[in-house]
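Visitor: Pasting the feature list from Swiss-Prot:
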- C98-C184: disulfide bond (DISULFID)
- N6: N-linked glycosylation site (CARBOHYD)
- N22: N-linked glycosylation site (CARBOHYD)
- 1-29: topological domain 'Extracellular' (TOPO_DOM)
- 51-66: topological domain 'Cytoplasmic' (TOPO_DOM)
- 88-98: topological domain 'Extracellular' (TOPO_DOM)
- 120-144: topological domain 'Cytoplasmic' (TOPO_DOM)
- 166-201: topological domain 'Extracellular' (TOPO_DOM)
- 223-248: topological domain 'Cytoplasmic' (TOPO_DOM)
- 270-276: topological domain 'Extracellular' (TOPO_DOM)
- 298-317: topological domain 'Cytoplasmic' (TOPO_DOM)
- 30-50: transmembrane segment (TRANSMEM)
- 67-87: transmembrane segment (TRANSMEM)
- 99-119: transmembrane segment (TRANSMEM)
- 145-165: transmembrane segment (TRANSMEM)
- 202-222: transmembrane segment (TRANSMEM)
- 249-269: transmembrane segment (TRANSMEM)
- 277-297: transmembrane segment (TRANSMEM)
Amino acid sequence: MSFAPNASHSPVFLLLGFSRANISYTLLFFLFLAIYLTTILGNVTLVLLISWDSRLHSPMYYLLRGLSVIDMGLSTVTLPQLLAHLVSHYPTIPAARCLAQFFFFYAFGVTDTLVIAVMALDRYVAICDPLHYALVMNHQRCACLLALSWVVSILHTMLRVGLVLPLCWTGDAGGNVNLPHFFCDHRPLLRASCSDIHSNELAIFFEGGFLMLGPCALIVLSYVRIGAAILRLPSAAGRRRAVSTCGSHLTMVGFLYGTIICVYFQPPFQNSQYQDMVASVMYTAITPLANPFVYSLHNKDVKGALCRLLEWVKVDP
């Protein structure tokens, strides 16, 4: 990452994502502070409940606990810095920190999408082969699937970093590179670059699309088989129970993959800065916020564990 050839130092990026917003920075600060604190509180509570209550020591909740940790990481990569910039009114970030944020954002973000796909596989085994569910989706296998998700994600992220490192940027009179976003993401970095970015744009579209093809295919095939299995169930109560176990996961699949496709897998000429901003807020702030509530509000096991924990706290202060 460097300035144009006649520059002698690393670029400093000026994050201008909310500079044109018709909302005061104070209001934005308290809005994102509330989102971040609620995200951390919700996901920490879910992690503690799953770890504490033996009734939640099943493969589904093991994966859900891993997803909650990832969601906290994804929010922490972007939102604390955004809050600091909203307070300072001078949202600069040096090249090294920008690259670090870029790396960790993709590491957590891609892992998030892969774990969501693994959870679809878990639901498939639970509904289509319930007698062997505990054997097939044991904790060791779940741990291996989580580890594999991290390995694939980090390899993908290293490729993205490798595409960004050779790029050059031209600074303004103050030596800053204007970045039309609220954190260091791939497309805004490309738009601000003075290098030829055609190969980068193609890599985002095709390599990223290829990476998402596997998880998307796994999710679709899992739910096709799940749907067929549900239709074969003899009782309406059994069908409702099976559908309820998948409803939360399907909600987050649509939410997460919808925003990712909206930002990263449209042809460059159809992609706008405003569209990137809105979808990125949904992906980095709203999705991690929603996950613990979507998975717990309609889940009797989680609500029961929360009630037992509160009773235990009252009895043993």
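Residue numbering: from 1, along the chain as shown.
The backbone N, Cα and C atoms fix where each Cβ goes, glycine too.
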Visitor: Quick one: Cα separation, C184 (disulfide bond) versus N22 (N-linked glycosylation site), in Å?
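Guide: Cα of C184 (disulfide bond) to Cα of N22 (N-linked glycosylation site) measures 22 Å after rounding.
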Visitor: Using a Cβ distance cut-off of under 8 Å, indicate which of 67-87, 99-119, 145-165, 202-222 has the most pairs with the transmembrane segment (30-50).
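Guide: Most Cβ pairs under 8 Å with the transmembrane segment (30-50) come from 67-87.
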Visitor: Have the transmembrane segment (202-222) and the transmembrane segment (67-87) got at least three CB pairs under 8 Å, pairs 6 or more apart in sequence?
Guide: no
Visitor: When you measure from the Cβ of C184 (disulfide bond), how many other Cβ atoms are you left with inside 10 Å?
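Guide: C184 (disulfide bond): 25 neighbouring Cβ atoms within 10 Å.
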Visitor: Give the nonlocal contacts of the topological domain 'Cytoplasmic' (51-66) in its own chain as ranges (CB under 8 Å, at least six residues past its ends).
Guide: 115, 118-119, 122-123, 126, 133-134, 137-139, 142, 145-146, 295, 301-302, 304-305, 308-309
Visitor: Can you give me the Cα-Cα distance between N22 (N-linked glycosylation site) and C98 (disulfide bond) in Å, rounded to a whole number?
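Guide: So the Cα of C98 (disulfide bond) lies 26 Å away from that of N22 (N-linked glycosylation site).
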Visitor: In the same chain, which residue numbers or ranges, 6 or more beyond the ends of the topological domain 'Extracellular' (88-98), come under 8 angstroms Cβ to Cβ?
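Guide: Residues 1, 10-16, 25, 81, 176, 182, 184, 189.
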Visitor: If I take every residue in the topological domain 'Cytoplasmic' (51-66) and average their pLDDT values, what number comes out?
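Guide: Looking only at the topological domain 'Cytoplasmic' (51-66), pLDDT averages out to 88.
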